[in-house]
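Worksheet: one structure, shown below.
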Amino acid sequence: MSIELDLQLAVENEHGLPSEAEFALWLTRTITPFQAQAEVTVRIVDEAESHALNLNYRGKDKPTNVLSFPFEAPSGMEMDLLGDLVICRQVVEREAIEQNKPLQAHWAHMVVHGSLHLLGYDHIEDDEAEEMESLETEIMQEMGFTDPYLAEKE
């Protein structure tokens, strides 16, 4: 089993960000139950880049916490490239405070959530959302974090 991480830090200050080892662990714990080999780029960005990407790809005129860009290999070509995650530092930090969550747990949740999107999971329909949230909760708890949706369930 091997998950290859390409970590890109496109922020002014790297202080307080999770380590490359933490990002790699979160990816590995999320992806390897579904596929043994994968390459994922995780790009940490500021609000301006997140906003521009969110507007361009989703038509939403604001920054967002995580964007997932699954890689689609040309027909007949086998590659381990799963895709890219773009995570906005300021949004993650702000949401952790607003949702009263430990910052490290929220970073981990964004990696888990985004990775599941790369694997084909979605939350557009209620049944899909329930399945995806259940998986996220299970993975987070296996890594020692609390249920990321606990506040919404109370």
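A Cβ is built for glycine as well, from the same backbone N, Cα and C atoms used for every other residue.
The Zn(2+) binding site annotation in Swiss-Prot covers His113, His117, His123.
Everything Swiss-Prot records as a feature, shown here on the structure.
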| residue | record | Cβ within 10 Å |
| --- | --- | --- |
| His113 | Zn(2+) binding site | 24 |
| His117 | Zn(2+) binding site | 18 |
| His123 | Zn(2+) binding site | 16 |
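Report note: the Zn(2+) site is defined by His113, His117, His123, and the residues of the same chain whose CB lies within 8 Å of the CB centroid of those residues, excluding them, are Val66, Ser68, Gly114, Leu116, Tyr121, Asp122, Met132, Glu136. In three-state terms derived from DSSP, His123 (Zn(2+) binding site) belongs to neither a helical nor a strand segment and is classed as coil.
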